[in-house]
Every structure is written in structure tokens, then in C-alpha cells.
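Take a look at the structure below.
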Amino acid sequence: MKDYHSKYSDKDKWIGVLDLGESIYTVIVTTDVEESVNYNEAKEFLGRAFNKPYSLNSVIVTNGDYILIDKESYKNKLIFSLGDQKISYCHESCKPLGQIIDKMVKVDITPKEKINKYKATYILISLNILIYLVSVIKARNLFEIDIYTLANMGAKVNVLINDGQVWRLITAAFLHGGLVHIGFNMMALNVIGPQVEKIYGWKKYLIIYFLSALGGSLLSYMLSPQSISVGASGAVFGLLGSMLVFGVINKKSIGKSFMMNIIEVIVLNIIIGLSVPNIDNFGHFGGLILGGLTALIFYWLGKKEAH
């Protein structure tokens, strides 16, 4: 945090400063009325205070409508509406700030609000639970689903896939072998899903989810041909892969801790998978790889569109 004296208002003001090594990420908070003056004074101060490149980002608090005139006026701005208590616009450079503000504003978010906000995640969770209930009825067992029921409902069985039932590569991701199995996967999806849905939007999120599920089944099909596999863990690992890619790409703006946290979660789950018997680790690796690759493709396509 750096203080400077404002000639316009004749009082001390502050600028948030994050040194990224080669450059500096800076932030001011201002009302829409004083935006121009505060921005110019902050820019003048930063020019004197630092001998390295910097980006100056503005969090603009407004009581009414804020009009962005042209493309240039969109850059490095986050617009927060006091009336609506939400962010009305957030430039790419301000996304880390947007995440912090969202958390501050939505501290008391109810379960109903969370479900409405992250519909894709909770539709997937509901679908998994519904299919599990069908398998419970068929198997007549709440806690363990027998292998024959799973095979009949669409598990990954290589012999049947070779006979043309390729849809099993997707349906396997919506089946679970027992109550503990689906419980762990849905808890993981409940934690990770909303974050990925927020970062990528629901359409890209669903593409990442289904391609990760497919990737997990394909690698298991190729490298574990004798196994009969089920579970959403390949798709969940794919979501982790997409978050890892996001963390690597944005490490300068959001810090390395986000990326390291994701790596720790992935490594921990891989260790658990390798330590516990009857876990399809190839499904995990396949989902992780394809989820990460899909996120990278989205990033490259976004860069192409920007240019």
C-alpha cells in the first residue's frame, strides 16, 4: 500500500501495489465522479515512485449508470454498483479484484442462491444422484451397486464398447459403485464445479466436464482394458486440470498460491488413488489431461479473438 497527497481534494489517498518482479500491479478505488482526477493523480505519483512498468487498475463505485464510451474506456476497470450491490463490468485485468469483491459481497449467500447462480453444476449433481437412485432400485441395495447392474446401465466395458456401444464412454461417468463413491465425487463437484463455472462460464464448463469424462474413459479403455469402470472422478479431475491451467496462465495477477493449492489437491488425490485398490487411476489421468488441454484451447481461441 502506498500513500500520496491529492492536490485536488487536499488529503492523503492510497494505492494498492503488488510487485510482480518485472512489473507492478496497482489499484485505486474511486467514485465515478472523481474517477478522472484520481486516476491522473495516481498515474502521476506512480511515474515518480517507480522505475518499472506498471498497470493502473480502477475500482469505480457508482450510484447510477456508468457509461463506457469506447473500447479504450473499458480497459483496467471494475465497475461496482452500490444500488445493485454487484459488479456491473469487470475488465480481464481486474478479474482477481472481482473475485475478492464477489466474496465480500456474497458472504451470506444462501444454498438456494448458490444453486441458482451455478445451475450447470447442480444440474450435473442432480443427474448423478438421480441415476444413482435408479441403480439402487435395480440393484436393491442402497450402499453397494453390483457389477452386473452397472454393466447393464452403461459402465465402461471394453468388450461391449468394441461391439459398438461407444456411448458407454460417457454414461460410465454418471454411474457409481456405491454410496461412498458417489458421496465423495459429488462433494468434490460441489466444491470445484462452481469455481470452474464462474471462471469459464457454464457453456465452456460443460464442454470441459464432458470432454474430461470422455478423456478419462478413453485412457481407461486403452490402458486398462480388463476393468469395468464407473464414476465422475475423471470429469472432476478434468475440472482440476482446467483450474490448474487458469492458475498457470494468470499466476502473475492472482499469485502462485492459487496454482500451488490446485497442484496440492491433484497430487493428494493421485496419491490416494495409487494407494487404494480398485480405483481407475487411468480414468483420473485421462480426465486431468483432457480437462487441461480443453482449457488451453479455450485460452488460445480467446487470444485469437482478441487479436
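The count begins at 1 with the first shown residue.
Heads up, the Cβ atoms here are built off N, Cα and C, so glycines get one too.
Helix, strand and coil counts under DSSP for the domain 'Peptidase S54 rhomboid' (164-299) come to 111 helix, 2 strand, 23 coil. Residues or ranges marked as domain 'Peptidase S54 rhomboid' by TrEMBL: 164-299.
Sequence-distant contacts of the transmembrane segment (120-137), counting only residues of its own chain at least 6 positions beyond either end whose CB sits under 8 Å from a CB of the stretch, comprise 145, 149-150, 153, 174-176, 182, 185-186, 189-190, 193-194, 197, 202, 205-206, 209, 232. Under the heading transmembrane segment, TrEMBL lists 120-137 (among others).
Marked as transmembrane segment by TrEMBL: 166-193 (among others).
Long-range neighbours of the transmembrane segment (205-224) within the same chain, counting only residues 6 or more positions beyond its ends whose Cβ lies under 8 Å from a Cβ of the stretch, are 120-121, 124, 156, 158, 161, 168-170, 172-173, 193, 196-197, 232-239, 241-242, 280, 282-291, 294-295. Residues or ranges marked as transmembrane segment by TrEMBL: 205-224 (among others).
Taken from TrEMBL, the feature transmembrane segment applies to 230-249 (among others). Nonlocal intrachain contacts for the transmembrane segment (230-249), taken as residues 6+ away from its ends with a CB within less than 8 angstroms of a stretch CB, comprise 128, 150, 155-156, 172-177, 181, 185-186, 188-189, 192-193, 195-196, 199-200, 208-213, 215-217, 220, 258-259, 262-263, 265-266, 269, 280, 283-296, 299.
Residues or ranges marked as transmembrane segment by TrEMBL: 258-276 (among others).
If you look up TrEMBL, you'll see 282-301 (among others) marked as transmembrane segment.
Averaged across the domain 'Peptidase S54 rhomboid' (164-299), the predicted model reaches a pLDDT of 91.
With a cut-off of 8 Å between Cβ atoms, the residues of this chain six or more beyond the transmembrane segment (282-301) that come close are 200, 204, 207-208, 211-220, 222-224, 229, 231, 233-242, 244-246, 249, 266, 269-270, 273.
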